[in-house]
Amino acid sequence: MPGLAGRPGSWGGLVLRVGQTFFAAACIGVMGSSLGFASYTAFCYLVASMGLQMLWSFGLACLDAYAIKTKKDLTSPLLLSLFVVGDWVAAILSFAGSSSAAGVVILFQKDVLFCRRYPQLSCGKYELATACAFLSWALSATSALIMFWLLAAF
């Protein structure tokens, strides 16, 4: 399927990877600048999963840029298998991290009202970091589905 948007080595694929990298880096930056995030396991896991997402996506963005520049085809079955496994692992881990962090944010704001009682908590930053993580996951899941679709077409 050479015309599929988002395939490896295309401008669409590069945009997906850059978006994943950007939102994962934004999540890490916002969460890292918030006070006391390391006290909560869900937030630590979010930072770890977004770190993995950022590294994976940045590496594939560089590969996409190289393939565009040199006009290489990255749709061999072996490469697609590697991309499928990596994308699915990264997508599942980032979804788990995003969901767990969202659960803690909701707990803090709506259930136990920690954000009202302890104004030193960076609840707004926790929310922003979680939103960035979900955006990174959405782009990662899109990319994983495209890779799976391409592999199934072989």
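Going from the start of the chain as shown, residues are counted 1 onward.
Cβ coordinates come from backbone N, Cα and C, glycine included.
Applying DSSP to the domain 'Casparian strip membrane protein' (7-139) sorts its residues as follows: 112 helix, 0 strand, 21 coil. Per TrEMBL, domain 'Casparian strip membrane protein' is recorded for 7-139.
Residues or ranges marked as transmembrane segment by TrEMBL: 20-38 (among others).
Annotation comment: TrEMBL describes 45-68 (among others) as transmembrane segment.
Distant neighbours of the transmembrane segment (88-108): 24, 40, 42-43, 45-46, 48-50, 52-53, 56-57, 114-115, 121, 123, 126-127, 129-130, 133-134, 136-137, 140-141, 143-144, 148; these residues of the same chain sit at least 6 beyond its ends, with a Cβ under 8 Å from one of its Cβ atoms. Marked as transmembrane segment by TrEMBL: 88-108 (among others).
The transmembrane segment feature in TrEMBL is assigned to 128-152 (among others). Long-range neighbours of the transmembrane segment (128-152) within the same chain, counting only residues 6 or more positions beyond its ends whose Cβ lies under 8 Å from a Cβ of the stretch, are 1, 4-8, 13, 16-17, 19-20, 23-24, 26-28, 30-31, 34, 43, 46, 49-50, 53, 57, 75, 77, 80-81, 83-84, 87-88, 90-91, 94-95, 97-98, 101-102, 105.
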